[in-house]
Structure formats: C-alpha cells, structure tokens
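So the structure is just underneath, and the comments pick up after that.
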Amino acid sequence: MLTGDRPYGWLCSLYILQTDMHDGNDGHPDSPFFLLFCIPLGGYAYSRMTRLIIVAFLLVHLYFEGMSSEVNIEHSYKHYRLPTSIQPEHYNLKIITFFDNPPNLTFNGVVTIRFKTIVDTNNLTLHSQNLIIDQTRIQLKTLDDNRIYYCGQYVDIVPEHNYYIINLCRRLITGEEAEIKLSFKGMLNDQLNGYYRSSYKVKTTNETKWLSVTQFEPAFARTAFPCFDEPNYKAKFKIWLGHHRSMTALSNMPMERQQPISDMTDYVWSIFEESVPMSTYLVAYAVHDFAYKSSGDANVMFRTWSRPEAIDQCNYASKVGPKILRFYEHIFAIPYPLKKLDQFAAPDLGAGAMENWGLITYREAALLFAENVSSETSRQRIADVIAHELAHQWFGNLVTMKWWSDLWLNEGFATYIASLGVAFLNPEWGSLNEEALDNTLTVFRRDSQLSSHPISLPIESTHQIAERFDAISYKKGAAALRMIHMILGQDAFFQGIRRYLLVNVYKNAEQDDLWAAFTERARLLKRIDPKHDMKIIMDSWTLQVGYPLVKVKRDYSNGLVKITQQRFLQNNTYVTNESQKCWWIPLTFTTSSKMDFSTSAPSEWLQCNQFKQQVQLTMENVVAPNEWILFNIQLSGLYRVMYDFQNWVMLNQTLNSNKFQGIHVLNRAQLIDDILWLAWGGYTDYDITFDFLSYMILERQYLPWRAGLESLSHVNRLLRTFHPTYETFQHFMRTIIRPVYYYLNGLNYTRPEYEMSHITILHKSLISSWACRLEIHDCVNTAIKYFHEWKQSANPRSNNHIPVDIRPVVYCTAIRHGGKDDWNFLWQIYLASNVASEKHAIIFSLSCSYNATILRTYINMAYDRNEYIRRQDATFAFSSVARNEIGFTLAKDYFISNIDQLYEFYGAHTQELGNLVSPLASQVVQYEDRNQLTQLIDRKRKYFRKSEKIVLNALETIHHNLNWIERNVKALS
C-alpha cells in the first residue's frame, strides 16, 4: 500500500522481506540498499532521476535473487507458534466502547507494545483477528534514539494462524528495545468470546441494558487488540477504557484515575494501574451499569458485581470468596499479589467462569445464590466454582503453563485445590470424598475410550486448544494430583507445591518443573524410595492415554497374590496393543480381618521396567485363604481392580451382611462402579454384577448410590427401547431403590430443609429423581400433587411452597405426566424468573415432556433469534431434549435438517456444534440412526474442525452402544 509520507516505502518493505526469506545480509541497516530506501522519509532525499535509477537497480537485484514479480510472497511464515525473535514487555492499551447503536456496537483502540529484540529481525509477527488495523498509522519507535518509523507499507496476513506480519522499515538488532503502535477498530460480537456484547432486561420496565465484557481464553485476545497471544509472552499492561460517563469500567487492576476524553462529550477515560506480568488470555475489562456488594472482611478490595436487580443474590459469594482466598494464602505461603479482586456475574458467558487476574467473570448461575430459590446443589456448585477460579490466581495466573499442551497444570490444579478449599469452607458437607469420587468416575468413563488423549499432549494448531478444556485436563489432572497427595503425604505435597510456585513466580512452567519440585521434597522427607523419581512415575500417567485395570489373581493353596495390569477399555472386544501399556501404580490394600481403610500411602508398587514394559508383582502371605483382599483404599489411585471369582464371592458375602459398613464408603462406591463397568466393557457377565448389586437394598449412604446410579443410567439408557428386557431391569431397580427412598421419607419434608444435612439433601434429590423416573407411585403422585397445588395457588410466581431441593424432580415429573397447559405454566415461570439457577433447572424440566409437538416447538425456541433462551443455554436445552426417549428422534432430525443454521448460530470458532453430537450419540441404539449421523458428519466435515475429538468420542460411543446391545439384551431378558 502506498502512502503520502513514504512514496517508495513499499520497496523498503519488499526488500527487507526478500532478504529475510533468503537469509541474506543486504537487509541489514548498514547495507547501502537499506540506507537508500529505509531511513525515515528517505524517499525525499534524492532527485527524481536518481530515485528512478535506484528503483531499476533494486528490481534487477531482486530478480537475480529469485524475488522477481512472479514470486508469491504471501504467507511468508506458517508455523503455528510465534517467532521467538521478540519478547513483549509492556502494553499500553486504550479502548473506547460505543453503545449508542445497539444493532452495531463497536470499539476503537490504540495499542502500544514495548518489546525487546531477542534475535535480529526485519519483521514483527503478532496476532490479529477480525480487527481493522489502520496500516497508515503503524509506527515503530526505537527507544535508544526515540526515532519514529512508519511501517505499514507492507503487511503479510496469514489467516490460518491469525498472523499479522509487519515487515519493518528498520532492522532490529538483538538486545534492542522498541515500541510498535497500532490503531484499530472492531465489532462487539455476539459469540461470547473476545470483546463481546451482552445485555439484560430490567424486570420492572422491560428496558434492554447493554454491557461489554471479555473472554480471551484460550486465544481470543487477538480479536480485541493486536498482541502476542500466546501464554509464554507475559507482559505488563496499562489499560485505558473510554466510555460514557454514566457507565462503570472494570479491568484487572484498581482504577488509578478518571479523566474526560477531550474531543468526546460525556465520555471519560477510566485509567487503571499497571498490571503485574501476565499472559494476554488473562487480560480482562468490562463496561457496564452493575451494582456491587463489598466484602468488608477481606484483606484486599473484594467486590461481587451483578445486575442491580440481582444484587441481593451476591451475599453468599461475597462471604465465601474472601475466606477461600485467605485459606489459599495460608497453604501456599504466598500472598495474593493484587490490591483488588472483582467477581463479575455476566448475563452471558460462554464458559462457566473465567479466572482473569483481579476480574473473575462468572455465569450468573455459577455465582449468584437466591435464598429459598436456589438449591443446596447450587450452593455447593457456587462454592466449588469460586474456589476453582481463586485457585487459578496462583495456578495459571502467577505461574502459567508454557504452552497449552500442559493446560492441566492450570485446570487440574485448580480443580483439585478447589476441592480442598470447599472442604475447608464446609467440612460438614463431606465434599472432599464426593469430589474425589466424581473426578474419578468421570475419568473412568472418558478415558476408557480409544478416542481419549493423554493429560499432556502436543498442540500444533490454535483450533486444537479448545478441545483440551475437557474432563482429561480438569478431572484426570485433579485425580493425578490427589494420587500424588496420597503418595507424598501432607508435608511433602505442599512443600513441593510451594517450591514449584516460588521458583516460577510470574513465569511459565511445564510439568517437568512440577515433578522436580515434588521429587526433591519427597526424597528429603523420605516419602519415596531414593532410586525412584516422580517424573518417571508420573510421566506414565500424564504422557500416555488411558488408565490401568489391576488384575488380582490369587492362588488359595499357597497364599500367593499375583498382580498384573492392562489398559481398561470400555469395550474389551477391541483388538489393539493398548493392553501392553504400563503405569507405575501405587498399591494400597486391606483384608477382611484387618479392615484398615485409613492408610493411603502405597505399601507396594506395580512397576514398569526400563523399557516401559509391565512387570508382574507377586505378594506372599498377605491374606488368608478364607479372607478377601481389597485394593485401592479410599480410591487413592486412579485404577480399577478386577479380582478372581472367589475373591468377588467373599466380598459379596460381606456386602450382603450386617458387616458391609466396615468397608469404607468410598470403597463401597468403588466396588459397585468397578463391577458394573467390568460387565459394561465385557470383562465379566451381568450375573455376578446384579447379584453383587442386591446389597444396595441395605445401603443408606449417598456415595455408593451416586456411583451405582450413574453407572446404571447407561444400562437404563440403552434398554429403554427394548420393552421386555427393560421391564425386567425396571423391576430390579424398583426393588433395590424402594427401601432407601422410604428411608429418606420420599418427597415428603416433615422438618425444615435447613435442619437436614447437606449430604442428606443431595441424597434425597438423587433417589427421588430415580424413584419418579421408575414410576414408583408414591413419588409420581406426590410430585404431581405438589405441582398442581403450586399452579393453582393465588400467586405462584412469588409463592412456591415446593421444597427447593426437590423442585427439579417435581417439575420434571409433572411435565412428563402433564399436558400443554402445565408446560406453558412452567414456561411463564421461566420467563419471569430473576434467578439464573432456577431458570437452568426449568430449562431441563421443560424437556421432560412426552409430547412430541411440545418438544419440537421447544427446540425451535432454543435457537430463536428472540433469545427466549440465552445463547449460552441453547446447547443445554437441546441436549436435555435429545436425552429424552421421545425427544431423541426430534432432536436428531432437527440437527440434520438445520445443520447449516446451527453452524451459523454457534460460529466457526467454537466446538459447540460437536457438543450437540454427544447427547445424540449417547442415545443411538439403531443402525439407521447411526448411519444418518455419520453421513451428516462426513458431509459437513468442515463444520466439526474445531471439535474433532468430541466427534470421534461420539462415534465411538455409538459403536459401543450397538455392540453392547448385541452382547447383552437377550442375556438380560
């Protein structure tokens, strides 16, 4: 592009590009060619004839250097990672946001990036996406001499990686510091990422209020301002937000001052203090009209923000947050480094929450709690999400992974540390065991598939990053850390964490840094054998896919216990070499005579040899022939266990006796889940499994039921279309669930909910939901009675006497057995509700209808442009309908018929389209349905580019469903 200031500047840029590509020397500032064309305003220093001669000479030179006009110079840099020639040190970012034209909300900005040159370079490669950059105003300033160069004459754009390559008008030398200044503008999008728009309606006036907020993780900062958008490019940020004076601006740091914008009436700059060094994905800002609640007992300025009409719902979060923050400061021995922390309840947020340093954003349902409306489940989820995001202030913010391959260092740590935070906050909840079980069961399901992936896996393109935000990074990462905690004990574990944090503060790390810290402390405190190394042990868990099945085979005649391992797969009929994988497995065990479930430190290791091959372990005289042996005390290791038949029989005898409570509750949950999934995968048949499960008639604790019912839900899902077999299964389920249903007093509440323990409320909700689903008459009749009394009350919107924690069960049951009038009544309650968690529960309940016409209309409403259901909740509504046996076919047909519109709705940047495939795949039990979905996916392959792993997982689920039905339907009849 030619400019009035530099008539021959494009030749400078072209020449530098040529020398850069050919690794020549003529682009160096000392070159005569560089001096002729590339000094500031140099084009004016020569006569016209001289300039023409020089132009001719240069073109001839370029021709013989292989850079004639026939050479294609676009896309000069194609690697998926930024060049390492530049290290940014400071951003001065100015953004002005405009809300005066709602159909077309925009922002303008200027960013000045100060950087240090690491390697000589002639160009500057940074990220920019969907921004309009004014090339005529690109400025390079060298800080040693304060000279300004106008460098927008030639820019190379590489869309595949969002690269914006500025070919500089002056070569930069190693060690040199400079600034690049870019002016840009963009749209506030509606895709819930980058810098995007959100809105809410004032209930009293129905007026629409607009706001703007950011979501930059993993790679969307580039859509808001040009930047080096990779986690290892940490820098300090000075942020200026321009906005109308009637609104409020927030960013990562406290506001320093506010001043008018000189040429804009009623607009002001909100100027924030300079930040600590941080990655671009943690930058955050918002412009809004929210109210806040201050936490007076916090050591830092701690505020919780929401819509003004929801400010009373901030009380719980404002109390919980500071307590957990102080707990983390204590256990990490590192103070929270900022002066303030804002919690911001965004009406629209693509993620559940985002840990932006000093400005954490949440979905309303993940932060706001309304007394007498929000459930105990909601209370626990809010505590868990807050604890998770606050843990990120150390794990992810203070110390950040070098690249997204080690995302688990952020998310696995935040997930596990959050469980400790919630347990500290409410020890009476028993949440530590519940979280351990939940994480383990989730990993056991996902990681048993061939389409799973290792915790740490190379990422070689931006579109692969989003797929890593999954159960493996979060929950398997957390389960691995819990296993380390059990191995090392309290002191070595936390000393290792503190060392890891202190060594890498404000820096980037990789998992080997963590293993080094743990190894040093573990050896010092003698928690592992000196010849063992945490890297060797833990690499077997993080660098390979899957988890082990520990096989225990006893020789009852000579007292030997032989232990081997293989990878557990959800389908044991797969012919693969996966069974040869080897893990370093910490073994804990007890016997029926000892019944010692208190020791979680390993007593033996199932090891791998130097070639990473399996080594059988033989134990002698550890258990008498007439006793059972049980491995994996309190689920301390991430592995399943398969015993020989006689050991199963002895375990079953204990469970079906009055001694069953002597087995730790987590191990009862483990035994139930293991026996069910061994049958699910084809390792055993269902005869011993259902005989084993008959003990559940005696079970009164929540966790074994949680494990058992989650596993049985998969069997229920596949059998429900096979009526004779399903009736047999339902009879069995009613038999085992009735005793605990009546033990918990069904759906009746004879005492106030606040007098019941937290875990009893969760248990009651779980059991009653199954009882009503299994058509136990007392449950169904009570639910319908509750619903109709509420519906017929004088003012149902403000006078709901249904106990809060069973409302989802009551709503779903009433809608399933009700008609259009009941559905419309609940829909109106949804529209009028001011509580996000209540709206979320109603979205699910509305999908329980067995009326095909209602469900078809409901799916259409989920994607209606009027946004009856918020964009962030559309996938949840669709998935809920898809999991309904009547709704499955309707959802599948809608998905196939509207695939183009759905792709446009979600946008090309997300994996949400893949997230619609998963609930459909889980319901497939007919080959015709499989063929329809696979043909669509094959035909629209480009639509699923961002969700390849999710789709592969879904296709594997379909294959397993059909295989399971062939193996088991007749056998279970």
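Cβ coordinates are placed from backbone N, Cα and C, and glycine is handled just like the others.
Annotations in TrEMBL come from automatic prediction, not curation.
According to TrEMBL, the features are:
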ACT_SITE  Glu389  active site, proton acceptor
BINDING   His388, His392, Glu411  Zn(2+) binding site
DOMAIN    87-282  domain 'Aminopeptidase N-like N-terminal'
DOMAIN    316-541  domain 'Peptidase M1 membrane alanine aminopeptidase'
DOMAIN    628-959  domain 'ERAP1-like C-terminal'
SITE      Tyr474  site 'Transition state stabilizer'
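Close to the recorded Zn(2+) site, the chain also has Glu355, Glu389, Ala391, Phe395, Gly396, Asn410, Phe413, Ala414, Thr415, Ala418, Tyr474: residues not among His388, His392, Glu411 whose Cβ is within 8 Å of the site's Cβ mean position.
It is 5 Å from the Cα atom of Glu411 (Zn(2+) binding site) to that of Tyr474 (site 'Transition state stabilizer'). Mean pLDDT, taken over the domain 'ERAP1-like C-terminal' (628-959), works out to 95 on the 0 to 100 scale. Burial estimate for the binding-site residues (His388, His392): highest at His388, by number of other CB atoms within 10 Å.
With a 10 A radius on its CB, Glu411 (Zn(2+) binding site) counts 25 other CB atoms from all the protein chains. Sequence-distant neighbours of Tyr474 (site 'Transition state stabilizer'): residues of the same chain at least 6 apart with a C-beta under 8 Å from its C-beta are Trp408, Glu411, Gly412, Thr415. Cβ-based neighbour count (10 Å, all protein chains) for the residue listed as 'active site, proton acceptor' stands at 26.
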